[in-house]
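*Asks:* Dumping what Swiss-Prot says about this protein:
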TRANSMEM  9-29  transmembrane segment
TRANSMEM  50-70  transmembrane segment
TRANSMEM  82-102  transmembrane segment
TRANSMEM  115-135  transmembrane segment
TRANSMEM  161-181  transmembrane segment
TRANSMEM  186-206  transmembrane segment
TRANSMEM  245-265  transmembrane segment
TRANSMEM  273-293  transmembrane segment
TRANSMEM  313-333  transmembrane segment
Amino acid sequence: MTDVLIAYGIPLAIIAAQSLALIVALLLVTAYVLLADRKIWAAVQLRRGPNVVGAFGLLQSFADLLKFVFKEIVIPAGANKGIFLLAPLVTVVLALSGWAVIPLDARMVIADINVGILYIFAISSLGVYGVIMAGWASNSKYPFLSALRAAAQMVSYEVSIGFVIVCVLMTAGSLNLTAIVESQRTIWYFIPHLPMFVIFFISALAETNRPPFDLAEAESELVAGFMVEYSSTAYMMFMLGEYVSILLMCAMTTILFLGGWLPPIDIAPFNMVPGVIWFLLKVFLVFFMFAMVKAFVPRYRYDQLMRLGWKVFLPISLFWVVLTAGVLVGFDIVPQH
């Protein structure tokens, strides 16, 4: 019995502690990322943004948290109560579970699995289920139409993201996220794969329902989309899941194209900075790009969104996969692992 506890109990306890620490850190970072998003949007519109709760509004997200927690959860008449309440939980759990394989530094990862990129792709694909469950269970036409839009949108852009990932893994020669970062020591992949970087960034906006691709929650058409019937903690969980997913896509952009935790130049003093600092700086830089797109770019029409995904991104990404394979084989530079 003691041997079993030592063999399985201690490693499980360590993983549980690491997971708890990661979740707490993610929730804190998400609170301030949400505040930064609101501040950036306000600055673009020549406003101050949240500035009352705490110094410079730094405690605004926590005030919003308390406000949501103490409000009443209202379930619409005729709604499927079980699925209605399960939908936000599914969204949050899937968003958080994706971070289990994200390496913040060379050895700072909970599960350094060999198919990490495949795991992330699967988790991000499942995220649409929370939206569909919410739209169907609300027993209202606006959430239902929003769920249909979200399903079509996410499926459309998953295809392009898949081909982008194929280009990166062919160049790196591995599905392991740590190995992909290490393979960028000579050159970050956004330089040779610049078109794929642009496609991945724009597809990430569509995948996370960020403007200008927030068709699923377009206020002028669908009120608040699939969240229109939600209130209190359930609504807060949807917002939390959305921003954790955004941070996950920012982290994936950093790992696949921006060298992860690697410094821009491998000389002093750059290589003296801890890798996790470089990783977080790159993630926040990508999020800043997300926020600026939200502030400046108007929302696309639904037909424009579908046309961009199927008639522009899909052919370009497919062509780039063939081109990458041809270059690797033609110049005999296929990575050996």
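Heads up, the Cβ atoms here are built off N, Cα and C, so glycines get one too.
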*Asks:* If we skip the immediate neighbours and take only residues 6+ beyond the ends of the transmembrane segment (9-29), which ones have a Cβ under 8 Å from one of its Cβ atoms?
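*Replies:* Contacts of the transmembrane segment (9-29) (Cβ under 8 Å, skipping residues fewer than 6 from its ends): 96, 99-100, 110-111, 240, 244, 247.
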*Asks:* Sort out the residues at least 6 away from either end of the transmembrane segment (82-102), same chain, that have Cβ-Cβ distances under 8 Å to it, and list them.
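*Replies:* Non-local partners: 19, 22-23, 26, 73, 75-76, 109-113, 116, 119-120, 123-124, 126-127, 129-131, 133-134, 136-138, 177, 229-230, 234-235, 237-238, 240-242, 244-245, 248, 251-252, 255.
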